[in-house]
Amino acid sequence: MHGLLLAGLLALPSNVLGHPAEPPNSVNVTHRHIDTSAYFLPQLSLYNKSEDVAEYGGDNITGSSYSGGDHSASNLSSEDYVTVATSLLKATLPYASFRLIDDHYIGDSGIGHVHFRQTVYGIDIDNTDFNVNVGRDGKVFSYGSSFYEGEIPKANPVAKRDFSDPVNALIGAINTLNIPVTAAVGEVKTTPIEGNSTYMFKGTTGALTDPTAQLVYLQKDGGLHLTWRVETDVGDNWLLTYVDAKKNDQVHGVVDYVASAEYQVYPWGVNDPTDGERAHLYFPWFKTGSRNWHIDGRGWHTTTRGNNAIAQDNPSGGWEYEDNHRPTNPLLIFRYPYTQSMTPPASYRDASITQLFYTGNVYHDLLYILGFNEKAGNFQVNNWGKGGKGNDFTILNTQDGSGVNNANFATPPDGQPGRMRMYVWDTSTPYRDGSFEAGIVIHEYTHGVSNRLTGGPANSRCLSSLESGGMGEGWSDFFATVVHLKERDTRNKNYTIGEWASGRQGGIRKYPYSTDLHTNPLMYVDADGLESVHAIGTIWCTILNEVLWNLIERHGMGNVNKIKPTFKDGVPTDGRNLAMKLVLDGMALQPCLPNFVQARDAIIDADMNLTKGANRCELWKAFAKRGLGVGAAYNPEKRVGSSRVPGGC
């Protein structure tokens, strides 16, 4: 079993930074979310960017030779790039034992991505990852590592049976985190699954699926800790709890797959009901990204269900969705009334379901064209033989009764469905439905993207430290901002998140996203002392907003009324789509549990691969403006800022 990430939209601005105070917090967030902030995994990753690899000769490790060329994935063979990656790992850490994770793929930018997990006595060290990016020339492009290099236990704990019963670990996790699952010694039975000391628990109540436990090591505080990785999915949280294998009241770390956010149809580019009018759209899917939104290779659906998503209301807030209400029309005509004055929300549920289904599908198709496809771990029932694991469309719940004034997205590994919950907001009269604010929907969906790309599709645990989790929130805000740019926008325009749904002028972040340092003064070093992923994410999105506008000013905005990007030689021709492409490619390049500096380097590497570094100076100037220039350094207590750019810029 694997971990899952639950990410959420909402963190209301508060006095978390040393800047002028906010207006009083007037939004009451209610949900059943478990606070795991005390159990972030440690930040351990190193990233060797492309210029470092070239300087120290790592790029001389190659597979069988072939000629370079365009961005086509056919330039690499699977045997070659996996062999190259394996050779690098063996050369870099010759004494480490490891296993190849079965999620390697060649992205549409031509880079092969390979991921490894370190093992000891055949037991995974769960937070050790080695990712290798192999270029189109068959050489190592860049790589990252969080492999453990300390002392190894002298004996195999499985042979000695030197650990507790997994039932005790389950109870320890439940008691420590107050997980709403009932399990009693004597009533819960364990069933071995998958080998490698993995068990399923029968006889519990409260979880969506039977909990599991796997014996793994966790790297922490300079040593290895033998733990039971207990997996419990209770809807608002889908947790991997690392319980000490001997002291079951001690928890070493927690991963939550669920990510919460703040947020006939409003067309793409219309952020909310104040931003434009509803329209009747016909056949809106891209054939490149979807054959049709209502087929999945198994049948034709005359409701809001298809290969990419299944959308329904969920007023009970429960876990089941198959039998929930969806609008149905044999001609696929989904026209339902909605105005902002309508109340209660249930009176316009069909309009809400249709809007959520539309927004989720369009975003799926756009991301597909930008590189988040089957091989990269996207969300589809049927992958049409193109790689990756299927059976994982996105479950889209609107008017979800499990909370208000928020939204969330659960991201399990590739092959298991993502789950989005959109809530009603009670901060205005009449209440507002978050599914009608596209920025919230896109924010949530992007949690699924960043978690699938970072560390590989099979590993949803790679944004589980404080800083990487914060960047997850920042990426989500960034994409939510980019997709509703208007033709006449300039870098002088400010952007907000959640303003319509919350009814709060200025939205739900501490500052609007602005390139004006007076309007938004956030710098890299402002992350010092922050304990909220949303506050950290606001800094990261602020930095990415500088990247966006530097690229737009060089390459233009493009046609904002055209959803599908235009490419030349595999590169988006406008700055808006180029920014999204580089950020997505950077996610796939960066190591598991990245920090700001590593993510910056990965974006610059993405440009080096895609354009041969044509935008190097635009990128460095953007990062440097917010203190993430040459010489900036990560330290969780005292980050080092820098406004320097490289020579030649």
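The backbone N, Cα and C atoms fix where each Cβ goes, glycine too.
As annotated in Swiss-Prot, N-linked glycosylation site applies, among Asn28, Asn60, Asn494, to Asn494. The two recorded residues, His443 (Zn(2+) binding site) and Asn609 (N-linked glycosylation site), show a Cα separation of 27 Å. Straight-line distance linking the Cα atoms of Asn609 (N-linked glycosylation site) and Asn494 (N-linked glycosylation site), rounded to a whole number, equals 31 Å. Note: the CA-CA distance between Glu444 (active site) and Asn494 (N-linked glycosylation site) rounds to 21 Å. Taking a C-beta cut-off of under 8 angstroms and a sequence separation of 6 or more, Asn494 (N-linked glycosylation site) has the following same-chain neighbours: Pro512, Tyr513, Ser514, Asp516, Thr519, Asn520. With a 10 A radius on its CB, Glu444 (active site) counts 34 other CB atoms from all the protein chains.
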